[in-house]
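**Student:** Pulled these features from Swiss-Prot for this protein:
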BINDING   R180, D367, K890  RNA binding site
REGION    236-247  region 'Loop A'
REGION    439-453  region 'Fork loop 1'
BINDING   R1020  DNA nontemplate strand binding site
BINDING   R1036  DNA template strand binding site
BINDING   C1071, C1074, C1099, C1102  Zn(2+) binding site
ZN_FING   1071-1102  zinc finger
Amino acid sequence: MDPGSRWRNLPSGPSLKHLTDPSYGIPREQQKAALQELTRAHVESFNYAVHEGLGLAVQAIPPFEFAFKDERISFTILDAVISPPTVPKGTICKEVSVYPAECRGRRCTYRGKLTADISWAVNGISKGIIKQFLGYVPIMVKSKLCNLYNLPPQALIEHHEEAEEMGGYFIINGIEKVIRMLIMPRRNFPIAMVRPKWKTRGPGYTHYGVSMHCVREEHSAVNMNLHYLENGTVMLNFIYRKELFFLPLGFALKALVSFSDYQIFQELIKGKEDDSFLRNSVSQMLRIVMEEGCSTQKQVLNYLGECFRVKLNVPDWYPNEQAAEFLFNQCICIHLKSNTEKFYMLCLMTRKLFALAKGECMEDNPDSLVNQEVLTPGQLFLMFLKEKLEGWLVSIKIAFDKKAQKTNVSMNTDNLMRIFTMGIDLTKPFEYLFATGNLRSKTGLGLLQDSGLCVVADKLNFIRYLSHFRCVHRGADFAKMRTTTVRRLLPESWGFLCPVHTPDGEPCGLMNHLTAVCEVVTQFVYTASIPALLCNLGVTPIDGAPHRSYSECYPVLLDGVMVGWVDKELAPGIADSLRHFKVLREKRIPPWTEVVLIPMTGKPSLYPGLFLFTTPCRLVRPVQNLELGKEELIGTMEQIFMNVAIFEDEVFAGVTTHQELFPHSLLSVIANFIPFSDHNQSPRNMYQCQMGKQTMGFPLLTYQDRSDNKLYRLQTPQSPLVRPSMYDYYDMDNYPIGTNAIVAVISYTGYDMEDAMIVNKASWERGFAHGSVYKSEFIDLSEKIKQGDSSLVFGMKPGDPRILQKLDDDGLPFIGAKLQYGDPYYSYLNLNTGESFVMYYKSKENCVVDNIKVCSNDTGSGKFKCVCITMRVPRNPTIGDKFASRHGQKGILSRLWPAEDMPFTESGMVPDILFNPHGFPSRMTIGMLIESMAGKSAALHGLCHDATPFIFSEENSALEYFGEMLKAAGYNFYGTERLYSGISGLELEADIFIGVVYYQRLRHMVSDKFQVRTTGARDRVTNQPIGGRNVQGGIRFGEMERDALLAHGTSFFLLHDRLFNCSDRSVAHVCVKCGSLLSPLLEKPPPSWSAMRNRKYNCTLCNRSDTIDTVSVPYVFRYFVAELAAMNIKVKLDVV
């Protein structure tokens, strides 16, 4: 993570040179570094998880011990290895490695084999090591385990991938899946919180507490809280296997160290030696322990082990002390390795809790980015893998017990290898997690949610694809909250989260995106040398005594470890020295270290201290360090204590410490593609961030190798004439999303009201915004037959009259063939019976067969049973299709206007689009007006203008700049021209604003949404028309439609007709006397009578037939009456 290398060579301005370069389209020697950076957090976190992290996770799994035939058996996982994806052993093939393109095409999972070395021992004596296959786990594309790792673009193309393939996703059943980055509490940092809900946890509880999200090196996480009680004591709260436990703090402190009560008392009151209330509270906490007869550490451990062992599932031969040690290792400050460190951390948390309760320190905001980090894909993968490895050990014990019940099992290697195969397979749990995004865990992994962890990385267009890897979600549980505090954009997020790139609907403020310069720390470094460096700089070790009183010293914490104390006069100098070492790469201080000095203010503010963070999963961003003249990575917490300038004129000597690399560094990658976004109203930029991801563009270059369910393609994309410099930085011309259009702002017809727009029919005929949709269908004949039967293969019976030369000899359609509704689609044969089956094309939309891929099974031994047919559906713009500019100005195509009736300029130029001028005043999208002038001047002068935000100001006006360029080309300074009516040929009196604007066609098309039905299928139960466009269902007549008819006074006829006659009208027989719908039954006539002519109903309750009448009622009412009768509820009707 080099903070200085990435942003040094930003393009000074956009250019069209690369489009005219003869080498354009030839693969580079190396991939574009800027694009690879976008997925680096995903890829590098996974690399750490499957290499260093996997080794640490295996070491952290305790040996699994149990009793078997009066012997103590223990299993220990010594090592685990994940291998790159390969074909199964025994497969005959040239290439052993499996590549992602094959898994996409065959709709299978890109996965590697997980093997582990299991050591087994009897009564503590090692008996050997068994190498065991545990299952398959998904492999992230472009990670070190992927077969595409470090391949140059030419080699990637040869393996049917994009030249700029970025990776960062998994392939599950042929679908690309991304593990979503979630907001998590900052690890190993005590956060003071006030929550009224905590009062309900028990008698005497208050709303004050200190919470800590403890995370180990292998990312195992546990949440822990300290609660303040009304009597001044403190209760420790932790979670074990999703169960909440409470422990008085005194017991925890006494169990961790063998200190005397006086030493514990002295540690807890540091800095507040004269506070009588604190002294009494600490004395009371220690007195509670003494009252239980626990005066020594051993007695406390024995007491806690006896209380908790029933929940810990430890072996019976463990003494109570060992059970208590197991509890503290798994639940209390798990990020700390020694009990002494845990003791000092709990003391610090207690002091902070008392400061919060007494109003000496303010609460930390858990919704602020200062107290947050992100959950990376590698972190979730490693936590889940560790839990499943522990679960596998437990399943071996269960398999032992089952085997022992049936036969006499002896302990030897051969028997163990057989029993190991009976353990749980890790393949299905991983595939379930990635396929559904739902977490099945016994511990919860320290997460706040168990659903929505994975999303599909759909390639609707390249912008949408990029956004998946920069998205950060607050969490699914927060979406249900009624409060808006979690959605607010706080000042602390400046430079880390984009202020405009968030949805405008339900997930607004919950689904955010990282800025273009923001990075996620993924590397883990050992910090063993830093404590010694701190002591050399003047920090007093934790077991020493500072020269001044503790009230005038700051506590010093390094990654959640209490290192010592530092004099408040020395602290600023030490923080500056550490910052120098960090920027200059000296003293082995990592460049992503966060140095935070929270000063004493004498007022209720943040709890003071010197905090150092080097842990992964934090957000950092580069800024210019003005003192050293170099770039520095700063974190979210240290930023709030800095003075960061944006422009040069904002720098004040002695006050300003840092400066932004460029003004638009606060925007996300997608928001940086909006031209002149600083001239638009903020909501319009938000809309464009969303609509840019819905654009029908050019998402990839390997259409012939893809088997996605649906892909969009714009046939005639263009490079924008006006674009920000970041557009070129990310080489977006390789994946264009729109077309340069000549737009005239004029009310010319009545068809352009309410954001509608007129398109020149001649432009449409020349290919304006033409597109296609690629749909793929995966056909597997093995799903159509019974288990074990393999007699079905694709093919056709010669001379079959149903096919009529529509299909090839292999039973599949010809590539390039046009398909219509009812045409033969494919044919297959039963080899046993010789029977032929023909399936027909069922879609109402005509298509062209674009591609057919023949697939096989994992071993390559499958018969001709599986194909993937890709169809191309032409989708040229039609009335009702949606378009938008890059400024959130969306509208639908309302009319294709003949070119001879369109207005034209003096030079004979006819605009492509007529835009209603009423769309500007309320939307205030001045950026679109500037883009129109800039695009016009760019076309006239053969230039490509820079539309990067914040380059123009009131002093340096964009209107002046582009107006002068238009003037130099002989056009009006303000971008207006005289137009002539295409109908009358007369000159229009008003000056019309006309220019070039880059327009996008969105994926919302009438062809996908229109629905028409007269009569059709009905629901079997309610007899009402079924809903759904795919099944030719009815159109929903909802509450708004009902209210509209009521308001028009047509309830008697139209409303009755819609909701009754056209829905589920039925004629029912009712007894007028008893009012029952269920009692009238049809009497069976004598055999000699006609059953149709002599239909006679009789009331079974009244035993009369002259009281039967017919009424028209909804059929669903009859069903409702029958349901109530089943519940012993009678419905009586008054028939008038």
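Glycine is treated like the rest: Cβ placed from N, Cα and C.
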**Student:** Could you give me three numbers for the region 'Fork loop 1' (439-453), the DSSP helix, strand and coil residue counts?
**Tutor:** 3 helix, 0 strand, 12 coil
**Student:** Taking all residues of the region 'Loop A' (236-247) together, what is their mean pLDDT?
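**Tutor:** Overall, the region 'Loop A' (236-247) comes to a mean pLDDT of 92.
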**Student:** Roughly how many Å lie between the Cα atoms of C1074 (Zn(2+) binding site) and R1020 (DNA nontemplate strand binding site), rounded to a whole value?
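**Tutor:** So the Cα of R1020 (DNA nontemplate strand binding site) lies 29 Å away from that of C1074 (Zn(2+) binding site).
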**Student:** Look at the binding-site residues C1071, C1074, C1099, C1102 and tell me which residue has the greatest number of other C-beta atoms within 10 angstroms of its C-beta.
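**Tutor:** Most Cβ neighbours within 10 Å: C1071.
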**Student:** Taking DSSP three-state, what's C1074 (Zn(2+) binding site) in: helix, strand or coil?
**Tutor:** coil
**Student:** Can you figure out which of R180, R1020, R1036 (the binding-site residues) comes closest in space to C1071 (Zn(2+) binding site), comparing Cα atoms?
**Tutor:** R1020
**Student:** Would you pick out, from the binding-site residues K890, R1020, the residue whose Cβ has the largest number of other Cβ atoms within 10 Å?
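**Tutor:** Selected residue: K890.
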**Student:** In which DSSP state, out of helix, strand and coil, do we find R1020 (DNA nontemplate strand binding site)?
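**Tutor:** In the DSSP reduction, R1020 (DNA nontemplate strand binding site) maps to coil.
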**Student:** Just give me the nearest neighbour of R180 (RNA binding site) among the binding-site residues R1020, R1036, C1102, Cα to Cα.
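**Tutor:** Among R1020, R1036, C1102, R1036.
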**Student:** Quick check on the binding-site residues R180, R1036: which one has the highest count of other Cβ atoms within 10 Å of its Cβ?
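**Tutor:** That would be R180, with the highest Cβ count within 10 Å.
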**Student:** Kindly report the helix/strand/coil residue split of the region 'Loop A' (236-247) according to DSSP, in that order.
**Tutor:** 0 helix, 10 strand, 2 coil
**Student:** Would you list the other residues of this chain near Zn(2+) - those whose C-beta lies within 8 angstroms of the C-beta centroid of C1071, C1074, C1099, C1102 - in sequence order?
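**Tutor:** Neighbours found: V1072, K1073, G1075, S1076, S1079, P1080, T1100, L1101, N1103, R1104, T1107, I1108.
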**Student:** Where the distance is taken from Cα to Cα, which of the binding-site residues D367, K890, R1020, R1036 turns out closest to C1099 (Zn(2+) binding site)?
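**Tutor:** Ranked by Cα distance from C1099 (Zn(2+) binding site), first place goes to R1020.
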**Student:** Given the binding-site residues D367, R1036, C1102, which one's Cα is the least distant from that of R1020 (DNA nontemplate strand binding site)?
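**Tutor:** Checking each of D367, R1036, C1102 against R1020 (DNA nontemplate strand binding site), the shortest Cα distance is to R1036.
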**Student:** At the level of the C-alpha atoms, what whole-angstrom distance separates the residue listed as 'DNA template strand binding site' and C1102 (Zn(2+) binding site)?
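**Tutor:** The separation of the Cα atoms works out to 41 Å.
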**Student:** D367 (RNA binding site) to C1102 (Zn(2+) binding site): how many Å between their Cα atoms?
**Tutor:** 70
**Student:** Measure from the CA atom of K890 (RNA binding site) to the CA atom of C1102 (Zn(2+) binding site) and give the result in Å, rounded to a whole number.
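**Tutor:** Answer for this pair: 67 Å between alpha carbons.
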